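Participant: There's a structure below that I have some questions on.
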Amino acid sequence: MAEAPPVSGTFKFNTDAAEFIPQERKTSGLNCGTQRRLDSSRIGRRNYSSSPPCHLPRHIPYEDISAVHQHSYASGSKPKSPQGFFQSSNKSLKNHGLQNQPWQKARNEKHQNRNKKAQGLSEQTSDTSSLESVARSESGTNPREHSPSESEKEVVIADPRGAKPKKAAQLTYNYGRGPKAKGRLRSEWGNRMSPKSEDENTRPVAISHTDSSDASCRKPVVDPCVCRRNEQRRYPQKRPPWEVEGARPRPGRNPPKQESQRHINAGPKTNMSPIPKDNLRERPTKSACDTGNLAVVSKSSRRVNQEKTAVRRQDPQVLSPFPRGKQNHMLKNVETHTGSLIEQLTTEKYECMVCCELVQVTAPVWSCQSCFHVFHLNCIKKWARSPASHADGQSGWRCPACQNVSAHVPNTYTCFCGKVKNPEWSRNEIPHSCGEVCRKKQPGQDCPHSCNLLCHPGPCPPCPAFTTKTCECGRTRHTVRCGQPVSVHCSNACENILNCGQHHCAELCHGGQCQPCRIILNQVCYCGSTSRDVLCGTDVGKSDGFGDFSCLKICGKDLKCGSHTCSQVCHPQPCQPCPRLPHLVRYCPCGQTPLSQLLEHGSNARKTCMDPVPSCGKVCGKPLACGSSDFIHTCEKLCHEGDCGPCSRTSVISCRCSFRTKELPCTSLKSEDATFMCDKRCNKKRLCGRHKCNEICCVDKEHKCPLICGRKLRCGLHRCEEPCHRGNCQTCWQASFDELTCHCGASVIYPPVPCGTRPPECTQTCARIHECDHPVYHSCHSEEKCPPCTFLTQKWCMGKHELRSNIPCHLVDISCGLPCSAMLPCGMHKCQRLCHKGECLVDEACKQPCTTPRGDCGHPCMAPCHPSLPCPVTACKAKVELQCECGRRKEMVICSEASGTYQRIVAISMASKITDMQLGDSVEISKLITKKEVQQARLQCDEECAALERRKRLAEAFDITDDSDPFNVRSSASKFSDSLKDDARKDLKFVSDVEKEMETLVEAVNKGKNNKKSHCFPPMNRDHRRIIHDLAQVYGLESISYDSEPKRNVVVTAVRGKSVCPPTTLTSVIERETQTRPPPPIPHHRHQADKAPGSSTLQKIVKEAVIDYFDVQD
């Protein structure tokens, strides 16, 4: 049996095999309208039903498919005309769209011929098992029945995870049948029988080949009842799926017993029941090609197929081959994106995301090729040109739904597949589609096929074709869905050679490179002094036959000369020859002179490696290890063998951070380090940003902080134990495994409880013991103290002055706000503080002023309180009012200053009684001044007092009283305020103009017939408006301001009987006040003294001459 070459992820199709690209070979006899309606009904079923897989035998390559189909037609079964084909296709419109292709039609007719020939064979042969074995030996394909109803229900689902397909039967529910196994190889069905039963039940049967073209298509057909009985004998534990416990009953079906009876009467059909899983695992695997030949059908797919089959049987209107009415009656699966779009666009229920309006079937639209949302063409144009659609940092505009960036703004209304511009709407087609085949390629998939659906919205469905892929190890081939990017794995071992080149990979079939070899080997170094255990494949190709690696030690093996050992690092064999051999040494030890020149000068020739090398006698000059890059030290000895001696110079070395340098003898460099540490401290900040480095002679590039953070975490209980870091500390990782409850225990947080978690909130009433017995209104809480009680009560104030109401219970000390007025311990004063708590005076004496009246003036003492002591003698600080004789002048004077005449009175009294003092008599001066004399003290009158006195005399002379006002001075002066006068002085001309306007307005209203008359002043500033308002009050006018700044103006209104002009204008008053005043008259003191005989002693004392008290006359 010839097999097709393995194909790994690629497709091989014959250009003549049009069956795998549907719609390419159409029936030529159909017109365009008929064919379009056929495609429309076919595309609806293809969208929302399982795609029929292309089941092919594994021994037939894709290139020979067309040849198989060409020879599969039997005589008399070929369609005679296109109309006949059209009629036959109408009978099976519920099948998949691929059924209507010529190759599918020929395939169905081939099986009908096969059934007829099998019936003839069944008459000649009585043993059905023999026929079955002969059919297996004749062909490697599985005996399958492809009726129009079965082709639709074939489903093959590849493993989406890329694993090896399991050896399970492909189960689908057929009309009137139980579970049916499809797609099995003949060799696999043969494996189901044990060798013993196969020998017993199989015998050769001669089959005559009447037609060479049908030789490859002859397959025996056996009675299904006989097959079922034979299978029950071989597998007694097998039950139909509807009898399995927990199996889902088939909708719309009769009990299995009645169905089987009805199918037995219907006629013979080939039906192979599936193999149970237990038997399937026990069946041995004979070839690698049989392992992945079948796909597994999931339970969900079987359930969906059952429901779809039930829907097709119950609703015959859905299976109508031609769309009738306004809407397209195709079977749509609303669970898919495409089906939902078709339904919403057809019923005009789809909304444009830009304008939120419904998309009409006749409106131009645009569909996004990324998310497949549909928009109005005009709406998407406006959106693309708006600033909100521009992508940040990219050129183009964003889709409103998926934010996919597009470069070009759509300007043309096209169908969904993009082939037709401005498609016309037809009630028999999907709105906004062209009605032709989509033909779009699957983006991003390795699939050469194009979409064979009619022009549709939404994404194209997966490719329904199948291909053969080779597994990752290349030993088996599997049939998978075309375009799926899954990798195929088998259950065999990989067996590829590992990196070591000796062992094979023992893992199951996998992708990518194999893992390194895991076998541990013991290797020895080249010199044999060290060994190690490594993985197999380490240092492959470095072995010298004795060792496998270098230990980096001195080799130490004896050289061929026998006198020296190898001084090289451990290396592969063999060792280099002795470097001191005569034929290898050509220069003197310092390397400056060739040995040939030294031999000419009489040096002895070397014969062995042990002979010394002749010296040239020059300075050695080899560079030493000391010195610097600028000045290299050299050996100062004469040409010699061996190592150079120590250097006698000094070298400059730098500290570790290169901040300081110092000189050291070269001889001490070997014993000491070439670097030293300076005392400079690093001032850079550490990575934490909180601390400084402070390391001595620091050379770190990243200054890591070695301290522990130590900051408190959010829980408030623990501290951060991580190294000092930037930013916020992490959350506390501590957790409690005890239940966290509220105070009353009603609410619980079960462990683990993160550290810092607050107790749960509880809605129960607080159950704690409270200080008062008032009702509790607050909930259970975790705080230690309960909220204050807010129950309103009556409480006395702290000073017991009054009983206050509506006081919350938690308030203890209440002040009424009144003075305390409690008697102080001094017994003279009362507490002046507001109502307070506790004693009035705490550790202090009363400091209120003493109220005891003085003996001289009667004013209080005003000294700090002294209850047990007499009042101290101090000057009285009380203020008294003094007046002049006329009463015009009044001043407040301190009482002690008013009695300043005490000294003068004492001097006068002593002068008068000086004789008595000379005689030794005492003089009492306390009686010289009394309270009456102090109260009679007066101030001196000034010039204004004299002018007032003169006016008073003139008034008396002209008989002018205070009530009369002949010059109208009081009335004019009282009408103009001081502020108005001050404002008028700033702009006297403006005031004069305003007064003229007001006088004219008042005269006009008094003389005219109207009771009111108004005048509008032009716009002006605030100060001028204020002057107008003040003058209007003087003239009795009404003034109102209108408009807003800077056009605000004033309108004055005169009212008859109310508005009167003042007797004196403001302008004349200001001019009179600004004129120069004449000097005041000179007062006449003699006349004043005569008029005032009762003047005070103070005035007399001031006017008297100075008395010379020491001018004593005998």
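Placed from the backbone N, Cα and C atoms, the Cβ positions cover glycine too.
As annotated in Swiss-Prot:
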type	residues	note
REGION	9-26	region 'Interaction with PABPC1 and PABC4'
MOD_RES	S50	phosphoserine
COMPBIAS	72-103	compositional bias 'Polar residues'
MOD_RES	S81	phosphoserine
MOD_RES	S92	phosphoserine
COMPBIAS	121-142	compositional bias 'Polar residues'
MOD_RES	S126	phosphoserine
MOD_RES	S130	phosphoserine
MOD_RES	S147	phosphoserine
MOD_RES	S320	phosphoserine
ZN_FING	352-403	zinc finger
ZN_FING	447-465	zinc finger
ZN_FING	500-519	zinc finger
ZN_FING	561-580	zinc finger
ZN_FING	626-649	zinc finger
ZN_FING	688-707	zinc finger
ZN_FING	715-734	zinc finger
ZN_FING	826-848	zinc finger
ZN_FING	857-878	zinc finger
Participant: The zinc finger (500-519): which same-chain residues, six or more beyond its ends, come within Cβ distance under 8 Å?
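Facilitator: Non-local partners: 164, 471-473, 475-476, 487, 489-494, 535-537, 540.
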Participant: Mind checking how the zinc finger (447-465) divides into helix, strand and coil residues in DSSP?
Facilitator: 0 helix, 2 strand, 17 coil
Participant: For the zinc finger (500-519), how many residues does DSSP put in helix, in strand and in coil?
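Facilitator: For the zinc finger (500-519), the helix, strand and coil counts are 0 helix, 2 strand, 18 coil.
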Participant: For the zinc finger (688-707), what are the same-chain contacts with Cβ under 8 Å, counting residues 6+ beyond its ends?
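Facilitator: Residues 655-657, 659, 677-682, 723-726.
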Participant: Do the zinc finger (826-848) and the zinc finger (857-878) share at least 3 Cβ pairs under 8 Å, sequence separation 6 or more?
Facilitator: yes
Participant: So what pLDDT does the zinc finger (561-580) average out to?
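Facilitator: Mean pLDDT, the zinc finger (561-580): 90.
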Participant: Mind checking how the zinc finger (561-580) divides into helix, strand and coil residues in DSSP?
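Facilitator: Grouping H, G, I as helix and E, B as strand yields 0 helix, 2 strand, 18 coil.
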Participant: Let me spell it out: take the zinc finger (561-580), skip the flanking residues so only those 6+ beyond its ends count, and list any with a Cβ under 8 Å from a Cβ in it.
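Facilitator: Sequence-distant neighbours of the zinc finger (561-580): 525-527, 529-530, 542, 544-547, 550-555, 608-610, 613.
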